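Look at TrEMBL and you will find 1-350 tagged as domain 'Major facilitator superfamily (MFS) profile'. Marked as transmembrane segment by TrEMBL: 16-41, 78-97, 104-124, 153-172, 192-211, 231-253, 260-286, 292-314, 326-347.
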Amino acid sequence: IFFAAYSDELATRKKVYITSFIIFILTSIICAIATNIWLLIIIRSIQACCNSAMLPLGAGVISDIYSPHERGSAFGIFYFFFWFGPFLATMFGGFIAQYLGWRWIFWILAIFGGALLFLILFFLPETFNANNSLKSNPSLRFNPISPLKLFKYPNITLVIIYICISTSLIHIQHISIPTNFSVRYNFTTSQIGLFFIAPDFGYMLGSLLGGKYSDFLSQKLLISGDYYPEVRIKGAWFGSLLIPITCFIYGWLLEINFNVYILGIVLFLCSFGMLSTLSTLSTYLVDSCPGLGASVMALTSLIRFAIPGIIAIFETSIEERLSVRWMFTLISALCFLGILLLVVVYMNGKKWRSNFISTI
């Protein structure tokens, strides 16, 4: 929220990128040499705060340099590489932790962050330009929580709530998989890391195809001048239905220790549905908030990580009380009911957007 507000209000992307990466590198080094668990927890939290700038800044850059008919594909590529990181990390992270020790994870992050900082310093231009509908106004006092004001628009709030409901599944799966597959299938740490390839590949492919499909739906209307952002929600119907169906199937098959390869395929389809929907709805949010791409994405990330993160704390307890099948049945039911929120936005979004004020 802070990074996005600064980026949008003071008309800069590059300065925020540089600041966040410098702190990220320093905190990664401290985590690597930490000898106290509480120091590790505190510095790890600061590291995560700096890393959180990447999502809203990426959305801000996309809103700066891409026209509306290209933004779906741009978000697809953006989320593709966002999940390409976990694709590699889960594949190699298990081996690193098992054979080199957990400290090397932070050393590698520090080195990688340094390489990215070099690229940003010398190759990334400032993208906040005259085409942006917002301009920096030095007379305005910087408000670090200004993106929260976007909650007053129902179309923004309802879409964010749906994203929060559907992506809660990502957090629950990431906690449930190591526990269940080590117990049920005797997977080692490295094997669990390799199993995450299935959902990560689904995230990557879903983001690419979902973004392109939403652009396909909107291009004809953009050419004729009749474009309205709600048309992108049409591109989310398939993925939004795929999520609860595959989530339900996965929970019931896992309960009976079904074939692990079939479970991987089901997870792939579930992940494909989640990211095809997320990339489409992210484009809708940016299109609905002209000039505030970073702010609306920061707001989405705040809710998308905070609430599912809290739920994830209780994941083990919920799973023990309900069993795997009923826990995933409950999640699939919530995801299915959440589709109603998208229906409401599709029907009323144009009216709600007419009240949008592009200065917060």
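Glycine residues also receive a Cβ, built from the backbone N, Cα and C atoms like all the rest.
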Contacting positions for the transmembrane segment (104-124) when only residues 6+ beyond its ends and CB under 8 Å are counted: 14, 17-18, 21-22, 24-25, 28-29, 31-32, 93, 96-97
Beyond the flanks of the transmembrane segment (231-253) by 6 or more, those residues with Cβ under 8 Å of it: 72, 162, 166, 169, 206, 210, 213-214, 216-218, 221, 262-263, 266-267, 269-270, 272-277, 280-281, 283-284, 287, 324-329, 331-333, 335-336, 338-339, 342, 345-346, 349
Contact between the transmembrane segment (192-211) and the transmembrane segment (78-97) (at least 3 Cβ pairs under 8 Å, separation 6+): yes
Beyond the flanks of the transmembrane segment (78-97) by 6 or more, those residues with Cβ under 8 Å of it: 54-55, 58-59, 62, 104-105, 108, 188-194, 196-197, 200-201, 203-204, 207-208, 211, 275, 278-279, 282
Contacting positions for the transmembrane segment (260-286) when only residues 6+ beyond its ends and CB under 8 Å are counted: 59, 62-63, 71-72, 75-76, 78-79, 83, 156, 159-160, 162-163, 166-167, 169-170, 173, 181, 185, 195, 198-207, 209-211, 213-214, 229-230, 232-233, 235-236, 238-243, 246-247, 249-250, 253-254, 293, 296-297, 300, 342
For the transmembrane segment (292-314): best-contacting stretch of 16-41, 153-172, 326-347, by Cβ pairs under 8 Å: 153-172
